[in-house]
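Feature annotations, reproduced from TrEMBL:
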- 63-221: domain 'Alpha/beta hydrolase fold-3' (DOMAIN)
- 145: active site (ACT_SITE)
- 273-335: domain 'Alpha/beta hydrolase fold-3' (DOMAIN)
- 302: active site (ACT_SITE)
- 332: active site (ACT_SITE)
């Protein structure tokens with residue numbers, strides 16, 4: 001893929017996603033328990049999983065789900081996410097709407113965010129909920145990894161939309177990526193070379209999402225973009241102080257990496273690094289106070305562990321009811337790996353815990 005990119009034949013993410021989806025994309029195949037259909041919500045493709053009605057059953061619960069993949073890979077139609085959403089629909093007897101937002105490099109930030117926001121707001125309309133027999137008071141928004149980022153950002157926006165009559169009851173975030181301010185949190189240092197999502201890969205995902213230049217990767221890695229002399233970052237520093245937001249068991253013996261002199265031009269080139277629609281962890285307390293009851297799943301062997309833990313702590317400090325579900329022996333992305341040949345016990349363990357919380361709270 002990188003050779004093809006180097007030869008300028010195509011972007012390596014296009015090639016990689018083509019390979020993933022060619023071998024793995026499924027048609028909408030319904031079963032005797034779940035009806036699966038593809039639809040378009042305000043110009044955005046979605047896949048809807050509907051349990052068949054049983055007698056005079058009342059309105060159903062619902063989950064709007066946003067898949068992960070670094071804003072660049074995977075699909076609501078791949079078998080891994082198709083399987084997850086089908087099992088959610090069956091286990092919860094809920095309507096699951098899986099959003100097929102557009103990907104990097106076709107579009108970059110903020111288009112993914114706008115896609116998810118449009119599709120979600122369309123679904124939250126009373127007439128659309130009625131069409132799918134959904135209870136307006138029992139809707140969750142959820143996502144994993146980059147999908148967790150989009151879910152958190154969209155949930156923040158929905159909470160502030162005065163024209164919206166119906167809002168999510170819950171948000172459930174699975175090892176979400178929530179900040180690009182500090183690439184040297186304890187989990188980034190501890191897991192910098194951890195398979196599936198090493199630190200440099202996550203930084204490159206951010207650069208691709210923002211349509212930036214890979215030449216900035218090293219400066220980002222050492223936090224030059226948020227140095228003490230970068231004025232644009234100063235007001236956000238207190239919102240992402242991991243020395244006060246993380247428990248000692250996570251901080252261990254790691255030290256903050258704070259540059260005295262940095263590169264303010266990075267923020268000028270990529271202003272989205274400080275845009276809360278891209279980095280929800282930087283939201284102000286007034287916004288956090290409006291967030292619904294929250295489930296946060298984190299894994300020890302994951303550079304993004306501390307993103308989730310810090311957001312959970314900030315939400316808790318703002319008065320939000322938060323459940324932090326931390327798995328000491330699990331890794332980033334594990335929850336979708338429940339189908340042969342990648343059927344890992346970590347995937348089943350995290351998925352069951354996540355669905356159990358939704359079942360008890362939605």
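Using N, Cα and C of the backbone, Cβ positions are placed for all residues, glycine too.
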Integer Cα-Cα distance in angstrom, residue 145 (active site) to residue 302 (active site): 11
Cβ contacts of residue 302 (active site) (under 8 Å, same chain, 6 or more positions away): 175, 187, 191, 194, 197, 330, 331, 332
Packing count at residue 145 (active site) (other Cβ atoms within 10 Å of its Cβ): 29
